[in-house]
Amino acid sequence: MESLTLQPIARVDGAINLPGSKSVSNRALLLAALACGKTVLTNLLDSDDVRHMLNALSALGIDYTLSADRTRCDIIGNGGALRAPGDLELFLGNAGTAMRPLAAALCLGQNETVLTGEPRMKERPIGHLVDSLRQGGANIDYLEQENYPPLRLRGGFTGGDIEVDGSVSSQFLTALLMTAPLAPKDTIIRVKGELVSKPYIDITLNLMKTFGVEIMNHHYQQFVVKGGQQYHSPGRYLVEGDASSASYFLAAGAIKGGTVKVTGIGRKSMQGDIRFADVLEKMGATITWGDDFIACTRGELHAIDMDMNHIPDAAMTIATTALFAKGTTTLRNIYNWRVKETDRLFAMATELRKVGAEVEEGDDYIRITPPAKLHHADIGTYNDHRMAMCFSLVALSDTPVTILDPKCTAKTFPDYFEQLARISTPA
């Protein structure tokens, strides 16, 4: 297996222009495809997940052109539901941001489509979304294991009264919200259980509004969506930088700054993961906010005990930042780590122990006590981009770290290690 050994880093200092947000990129692509008119998306993320969405849209007959660097996409909208040409099978890799919204969107009309993906995708639950779509009339079959992809979709979704379980993934609610305006009937969506990752729903609602559709949101417990609507292109749309990707650089600044400044997000960002900066500040770092940047300056870091339900992806970065904090850090209410690209709770606990940390892994929490000195270890990445990027922070100690399968960062940030090196001074 390919590996990358990062030598100890003495100091980080500088600015990083963030790649486009994965969450925003794939939502914007799908809405542009469903909309009337031509949309020009700029600062689009070039990554595996976005390529899977683009390939699917192409197979569904959507016309688009990409710039040479794949960060600008001119897309001609369909002016309504996507139409599958005959029997179509779409391979979506391990891209949850493509699988879940497309599963809902392709239930409009009378298409017949199969959605499949990598082996890990077949372990990521989709049953709650399927149950909700069936309540709205959708005809869906599981082709292998009940409640998991691959799926055969035969259209039929018309709207109506729907319940969705919000406790596993906010992507299920996102998928329903984006599809419901195009259904013939009005849709009332009631959320069961605690809604995880609520800020990601705000991203969805913000983008829907940009494309001309507004809905009634009753305290995130009930959403009322008028049927028979159309999305309309906003013309040009700038994809803001990826706030989850910002977390690694901001954490590096907190640990070994200097000051690290990330541009492309700021105090006005729609992404909930900008709240990661507040967590670093609580730990002892100094944060400066601008409209289009966040900067982090080193501070003496102290352990925290926090509910991380609102920023589950960025919370992973706190788990490795905890290696540099005084005391025992506890991250709570993170059950949905278990249904991401890998079982992230298990993976994080396993790899933190390799570098010498004392770790308690609960069903929905992790407790981390750093060692007096970090150990050099080969870090398994579980084909999970965030595991690779989180554990790069170990190099901010006086100990090297070896990252196995470093190219797994292609899911969201193909040149991550080059960008980290650019702001780093070797020890």
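Including glycine, each Cβ sits where the backbone N, Cα and C put it.
So that you can see what the record holds, here are the features copied from Swiss-Prot:
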- K22, G96, R124, Q171, R344, R386, K411: phosphoenolpyruvate binding site (BINDING)
- K22, S23, R27, S169, S170, Q171, S197, D313, N336, K340: 3-phosphoshikimate binding site (BINDING)
- D313: active site, proton acceptor (ACT_SITE)
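Sequence features, as recorded in Swiss-Prot, placed on the structure.
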residue: K22; record: phosphoenolpyruvate binding site; Cβ contacts under 8 Å, 6 or more apart: L45, S47, D49, V50, T97, D242, S244, K411, T412
residue: R27; record: 3-phosphoshikimate binding site; Cβ contacts under 8 Å, 6 or more apart: T97, P101, T174, M178, I203, T204, L207
residue: G96; record: phosphoenolpyruvate binding site; Cβ contacts under 8 Å, 6 or more apart: M121, R124, S169, Q171, K340
residue: S170; record: 3-phosphoshikimate binding site; Cβ contacts under 8 Å, 6 or more apart: L195, V196, S197, K198, Y200, I201
residue: D313; record: active site, proton acceptor; Cβ contacts under 8 Å, 6 or more apart: S244, S247, D273, K340, R386
residue: N336; record: 3-phosphoshikimate binding site; Cβ contacts under 8 Å, 6 or more apart: V168, S169, V196, S197, P312
residue: R344; record: phosphoenolpyruvate binding site; Cβ contacts under 8 Å, 6 or more apart: M316, W337, R338, D384, R386, M387
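Classification of S197 (3-phosphoshikimate binding site) by DSSP places it in coil, neither helical nor stranded. R344 (phosphoenolpyruvate binding site) falls within a helical segment according to DSSP.
Cβ neighbour density within 10 Å is lowest for R124 among the binding-site residues R124, R386.
R124 (phosphoenolpyruvate binding site) falls outside any helix or strand according to DSSP and counts as coil.
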